[in-house]
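Everything below concerns the one structure shown next.
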């Protein structure tokens, strides 16, 4: 049976891709045929090969199972706006079935484990009726929560955690990502979250100047996920 994890964040730009990429590298190092799935992206660049999203490319490259880009990122839009608005402007629709069909194709391609990266935060609209979290619930995927370390992260983390649990989904673990070189009372914030979040703490991502180029293997404890 193929195992999948959904990576969400407490906000936009808190390090979901960094964590998803690091997880893929760790799983690959353990000999697993792992794949990345970034089903929805906006802010894509035009290339000779079509629209490309840097986050999706990084997941594609980190995975041990080679897959074509269109399988990794089926819903790709150029404007850097909310994906459902970008889809509407492109006369497209992001559907629950389309998201599931994409995941099934990756499973059928031979993946043993799939790291699925969300877009935005937990409650990302797909249209005026559905949220990306509806799909995660439909797939009954365990969730990995990325906490961006900044002022307000305690509230953001607790709200996101509560929302995930209210969807009756398990939180497989959580990661804190240092967004800045210095944060007042960082350790106290981390200690508070470790006391309040009843889920495995997978580790800390340090602040680095070029995070998407950094090799952060060894920073995360994936044993609770295996």
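Quick reminder: no glycine exception, Cβ is built from N, Cα and C everywhere.
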- Item | Of 49, 55, 70, residue recorded by Swiss-Prot at the Mg(2+) site of 17, 117 | 55
- Query: For residue 55 (ATP binding site), which residues of its chain lie six or more apart in sequence with Cβ-Cβ distance below 8 Å?
  - Reply: 16, 17, 38, 41, 117
- Item | Same-chain residues at least 6 apart in sequence whose Cβ lies under 8 Å from residue 13 (ATP binding site) | 148
- Message: Counting across all protein chains present, how many other Cβ atoms fall within 10 Å of the Cβ of residue 17 (Mg(2+) binding site)?
- Response: 25
- Check: same-chain CB within 8 A of Mg(2+) site center, minus 17, 55, 117: 7, 16, 18, 20, 21, 36, 38, 41, 56, 58, 59
- Counting every protein chain shown, other Cβ atoms within 10 Å of the Cβ of residue 208 (ATP binding site) number 14
- Around the Cβ of residue 16 (ATP binding site), the count of other Cβ atoms that are within 10 Å: 27
